[in-house]
Amino acid sequence: MKVGDIGNYHIERVTLQGEGVARPEGKVMFIPACLPGEDVQAKVTQVKKNYSRGELLKVVTPAKGRVDAPCPVFGVCGGCQLQMMDYPLQLSVKEEGVKDALHRLGRIKDAPVGPALGTDHPWRYRNRVQMHLQRRSAGSLGMGYYRYNSRELIEHDDCPLLPKSFPPVLKAVRSLIQDIDREGELPFRHLVLKRANPSEEIMLIFVLAEWRSQYHSKIKSLACQLIDKEKKLVSVYININQKEEGEVLGREYPLYFGKERLEEQMAGGLRLQIGPASFLQVNPRQTEELYRLTAEACALTGLETVIDAYCGVGSISLFLAKQCKKVVGVEEVEMAVEDARQNAALNGIENAEFLAGTVEDILPAYLKDGNPVNVVVLDPPRKGCHERVLDAIVDARPSRIVYVSCDPASLARDTSRLVERGWQIEQAIPVDMFPQTGHVETVCLLSK
């Protein structure tokens, strides 16, 4: 096999990235946009020692569940991986993806992975979006997502995952920037939109490479015109990020116009103040299901002390607070901790405490001081938990651990370490927070 070869291949299974897995001559080959059971024609694009990659040329024998992707840039844009599948098949692929990670990466045999929890609204569900901005020429601005594994901009301002209120704002932003900053003085990198429910109010964050005082007049004109033009847009922030790669948002927010915070309302009457640096799940309907499953896994009676590690703005902490004796949230981002404390006060919750600092520093010290803990909720970023966090939890001996994962690979690694130390997975339920994409959340209950 060599680059450029064209052949027919049978797809055995599909990864969470939407890549079909074939085994020509017993060696793994990845082919994008395939369904399990299909026979396809593909051209070899890469050959490595242990695997190869191909470009899909033709589906020779389509499998049940194949549909036409509605998005005109699907397959080019890096945002979605599964639009060529009907929704029941997407859920099946995500369930198998979690099972495969726990078995293959975590070496946990027969993990009790439940059916993936789907949604009745697999389109237009996102309450947050990040768009990349690039200058094409003086007066011309490109806006869109990056091509998969690339920094090539794929221009698109009406993604079918976005609520209908976002595209008009995006189009207005592009038009006004081109009018106000024809010479291309403002060093735009990205923009972020956030939407609160049920008010549908929108916050816009412009990410610039640097800040200079002479930018103020143009930014003020841009923000004021946008807020006047788009009635649901109530807040505009400036963020500074000098890094060309990595995280979209930097730590500096030198300026804002309009409202300082949005307010999110959740089931049970919980109200959350959302700032520019606040993290909140992007799918409001599925977030409530995720939190419901988390609460059920905690099995609280009102007598427990709960630690919520990586707590963000305190959404899970405050959701659980009425069901336990005390909840302690730990979060690295100081602005998020301030939001969490304000959210506790806003909801009249007095049995929630929030600690600022890295979880790997704060949690071991907190537990070493002899503070009691009955249940630990872990909701880490994609990279998973630091080993010191897992060690401290094991030493504290809580009755149960509820791991809310956004990445099956790090979930497999971390739960494997816990299983090696005597813990057992009672259940793992995938939750589809991101239909049409390969991302999946999992609520995993461990006990000892």
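Using N, Cα and C of the backbone, Cβ positions are placed for all residues, glycine too.
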Q) Looking at TrEMBL, which one out of ASP228, ASP379, ASP391, ASP395 binds S-adenosyl-L-methionine in the same site as GLN281, TYR310, GLU331? A) ASP379
(Q) How many Å separate the two farthest-apart Cα atoms among the S-adenosyl-L-methionine-binding residues GLN281, TYR310, GLU331, ASP379? (A) 16
Q.
Just to be sure I understand, if DSSP states are collapsed into helix, strand and coil, how many residues of the domain 'TRAM' (1-58) fall in each?
A. 3 helix, 33 strand, 22 coil
Q. In angstrom units, rounded to an integer, how far apart are the Cα atoms of GLU331 (S-adenosyl-L-methionine binding site) and CYS406 (active site)?
A. 17
Q.
Between the Cα atoms of GLN281 (S-adenosyl-L-methionine binding site) and CYS406 (active site), what distance do you get, rounded to the nearest Å?
A. 10
